[in-house]
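Engineer: Got these off TrEMBL a minute ago, pasting:
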| type | residues | note |
| --- | --- | --- |
| DOMAIN | A:29-91 | domain 'V-ATPase proteolipid subunit C-like' |
| DOMAIN | A:112-174 | domain 'V-ATPase proteolipid subunit C-like' |
| SITE | A:Glu78 | site 'Reversibly protonated during proton transport' |
| TRANSMEM | A:21-48 | transmembrane segment |
| TRANSMEM | A:68-93 | transmembrane segment |
| TRANSMEM | A:105-126 | transmembrane segment |
| TRANSMEM | A:163-183 | transmembrane segment |
Amino acid sequence: MENTNFIMRFLEWLMTFDRRALILAASAIGAGFAMIAGIGPGVGQGYAAGKGAEAVSYNPKSSKQATMIMLLGAAVAETSGILSLVIALIMLFANPLVNMSGAAIVVMASAIGAGLSMIAGIGPGIGQGYAAGKGTEMVGKRPKHQSAIVRTMFLGQAVAQTTGIYAMIIALILMFANPLVALL
Amino acid sequence: MNSIGETQLKIIKGVLIVNSILGLISFFLVKPPMPFLTGLLFGTIISLLNFRLLSLTMKKAVEMQPHQAQVYATTRYMIRYFIIGMVLYISIKAEYIHVLGTVLGIITLKFVILKKELFNNKQYFKNIFKRKEAK
């Protein structure tokens, strides 16, 4: 009887390809997935800039303070975007998975998984941008409390960054010290 | 707190100091040291220029309408993202530059900001852990 299970047929079709080609194709998908994280800082910085403009329109005297806080907050919010870019570029130009031994499908799935894990970078990007935006807004409203607002904002941003760093650690483990290959 | 220019100068000085120390340490630890040091220098220069570009963007964005500022800041972010992408691509491709050095050079700026603005007051953290009954 002909195998009508679509997934099995798809996997069998995949296995007709060369091992190296499969891993490279999966790396291309992984790199694409990793770059999705670039959305996060974009949205976050946009939000921060919007709030900065709002704060300055409410209280033009606080323009310098608001700009400075937005600048520092936005600079920190960029981090997860850069990390995802690093992972995507490593996958494209210095791919360690191509020469990895073990079942092709595990290595291939690891490449896609490493890319998928970097999508987590959207979270810190948006969250840190949101913190920067709110910090800027509040400095516009209450410039006297600037130092307390800034410190709290950065504390929140530093905590928000942790998930992005976890995601990068998982991506790096999947690429450079893959524990799954040894389990077969 | 200080003006925008002073804050920028403070951050730039901090980055230069931290990266000099990193360079000195890597000179003894990384073999061969030159590609790593070149990468670190490359990353530092790009991160400082990017920071300057970000400050110019933000200065302009605060004078705009909020929705305009959002679009402007996001498009400028994409340009900076592209620049960093090019820099990392060159570092990976060029044999005389170690990509880890470049990444380190780019990332240290964020840690310097956190150090200068967050961990600059011990009392703030002491107050977090202080027991309420002690008051």
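Cβ coordinates come from backbone N, Cα and C, glycine included.
Curation plays no part in TrEMBL annotations; they are all automatic predictions.
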Engineer: Per DSSP, to which secondary structure element type does A:Glu78 (site 'Reversibly protonated during proton transport') belong, with helix, strand and coil as the options?
Structural biologist: coil
Engineer: I'd like the per-state residue tally for the domain 'V-ATPase proteolipid subunit C-like' (A:112-174) from DSSP, helix first, then strand, then coil.
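Structural biologist: For that range the per-state counts are 62 helix, 0 strand, 1 coil.
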Engineer: When you measure from the Cβ of A:Glu78 (site 'Reversibly protonated during proton transport'), which residues in the chain that are at least 6 apart have a Cβ under 8 Å away?
Structural biologist: A:Pro41, A:Gln45, A:Gly125
Engineer: Taking all residues of the domain 'V-ATPase proteolipid subunit C-like' (A:29-91) together, what is their mean pLDDT?
Structural biologist: 90
Engineer: Please list, for the domain 'V-ATPase proteolipid subunit C-like' (A:29-91), how many residues fall into helix, strand and coil according to DSSP.
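Structural biologist: With helix first, then strand, then coil, the domain 'V-ATPase proteolipid subunit C-like' (A:29-91) has 61 helix, 0 strand, 2 coil.
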